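All remarks here apply to the structure that follows.
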């Protein structure tokens, strides 16, 4: 099969403009905000086949397909979304959205503030997972989608899927929560804070208003990304891929690249720091830290889930140490105690946290089977 | 029991000056070098009761005791070294030494170079674990110690203990290798490289010659230490100690300290960046990366250990994910294949890698029992 056969093909991003101010959990209001989004497939007559794909820390609305014939790379989850793929665009109407605070076209710290004509910078308010879900709900209204057949996400995306079932119980049929956690651990927060400190202490950060200085905290963002990457891969996976391989075959006794793993990480860091907005990175890590739906229910996750109506697929990967299987089981246990419908899969993989973006066959089979059932339910 | 009863008391550091140049693994020679060291207890008549304590990444020669009556803190392993303690100074003559390249009095990047009267800075050569062991052997000669009853170390210190048994098989009775590994994994190297990049990319680093600019790469060193700390603690231990505790009881929606874990890490980073030399930090991480005694024996660790005469105690801690028990078992397996004497203990602890510095009762009992046997063997 050629790519053309199972690709959504050439896609175009769209912009939804909202002029009603959005109240945020922090107490701030954000007025005149925009969401960049893409859709694939066709919304059926009774509007029952819509699927929302929520993105993780560095993701965006461009989930599948290419913008031009010679586009270098497709959307970030092209492997999972397309005709005949597990999230089958012949059956589902799939929506991808760049979250508020993002740097891929939705209103965020690097966007021009209408009031001033300058980038928001440090003035952009901190946004949370529930703020994103509220914004996504307004986009759903705009698209005429009263109820999602499924809301799907990995990692931070999984937290959005979970939040949807709590914030809008009647609007979610199924939540697919993959490689995620119901809240961050102290270690998770610690890694995020080192990443943030790398950015905040970069002399080019200028308190978040680096745009007007014509610079960007690339050093800090590069370090944050290098560190992030370590937590996305498993120890064993890194060992298999890089081991102690030396770039030049021998020790050089200096600080240039010596081990292949150094080369890989520095490349990832450099590339990311060229394209991503540091303020968005900060916001995303804060949204991760703050997410804790049980907190409002006396720290009892089952109580937080008592009004949930969705059915759940929770999936974790054996070598994921960022959000280990134990973290997914916390959610599964709470859903069970709350007497909700939940399927749980702990998938053998060497790919660590990144496995949610990969194509380990048991994972693909699981997604295909589960989403086939969802499609049948909604007659798609 | 009061501290006075089991403390080595007031101690004084000493300096050994060497004027014969030391050849390093890198091919460099280092001339006119000095080692700062301390000793506790008394060398017996047949000089059979000497014990060398090797330090880890941020350690030094000041292992036990205090410099003055009102010294704020004792040496870094005071809990383990003293009269009646597991490394019993009533029986052993204990030597602590600051390694070459250190920043606590031995010749290192922040030392004045005799030829120029300026700090070495970037000109200081990269040193390795086997270089340190060679330097320590010259110190042993100076002290009249032909053979150590035991060489003891945790983490990077354990690597030195292991290297001693390979470089000087006749000079080591017992090697105690605690919370260590026979080589770093790709993930270990990756963490080190992020720490190095934080320092190297700090604008105050000035290519290693920051001394002459009257500055220091404190931002980078602070990040390196924060990151290091995460890897020293276990996920569960951090969870027990800090969890998601908030400093002010509620979310502040900003980038100041919010979670207690952030406060702890930033404090550790700030404190460390005030007192430690960034070039030394770089060197120490390189010594870790390079350590791989099997490499010279066709990557067969058992072959690398074939001439070893020492008996081994290898100990690991269940929650240590920096150098997990599996890494210690690699060494134990190789020692067993090489038909060497080895005892192995995998100690239940929530303290992660830091456990080697703590006093979990089974660990203390193990050290006490093993070292009692060593003392009996040498008639101490």
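Just so it is clear, glycine is given a Cβ too, placed from its N, Cα and C backbone atoms.
Here TrEMBL flags B:155 as active site, nucleophile. Residue B:155 (active site, nucleophile) falls within neither a helix nor a strand when secondary structure is assigned with DSSP, and so counts as coil.
Taking all protein chains in view, 28 other C-beta atoms sit within 10 angstroms of the C-beta of residue B:320 (active site). Annotated active site per TrEMBL: B:320 (among others), in sequence order.
The annotation active site is assigned in TrEMBL to B:353 (among others). Long-range Cβ contacts of residue B:353 (active site) within its own chain (separation 6+, distance under 8 Å): B:155, B:179, B:231, B:232, B:233, B:317, B:320, B:321, B:322, B:323.
Here TrEMBL flags B:225, B:354 as substrate binding site. Sequence-distant neighbours of residue B:354 (substrate binding site) (same chain, six or more apart, CB under 8 Å from its CB) are B:232, B:233, listed in sequence order.
What TrEMBL records for B:49-325 is domain 'AB hydrolase-1'.
Taking the Cβ of residue B:322 (site 'Important for acyl-CoA specificity') as centre and 10 Å as the limit, one finds 23 other Cβ atoms among all the protein chains shown. Residues annotated as site 'Important for acyl-CoA specificity' in TrEMBL: B:322.
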Query raised in the report: So which one is it: of the recorded positions B:155, B:225, which has the fewest other Cβ atoms within 10 Å?
Result: B:225
Requested in this report: State the three-class DSSP label for residue B:322 (site 'Important for acyl-CoA specificity'), counting H, G and I as helix, E and B as strand, and everything else as coil.
Outcome: coil
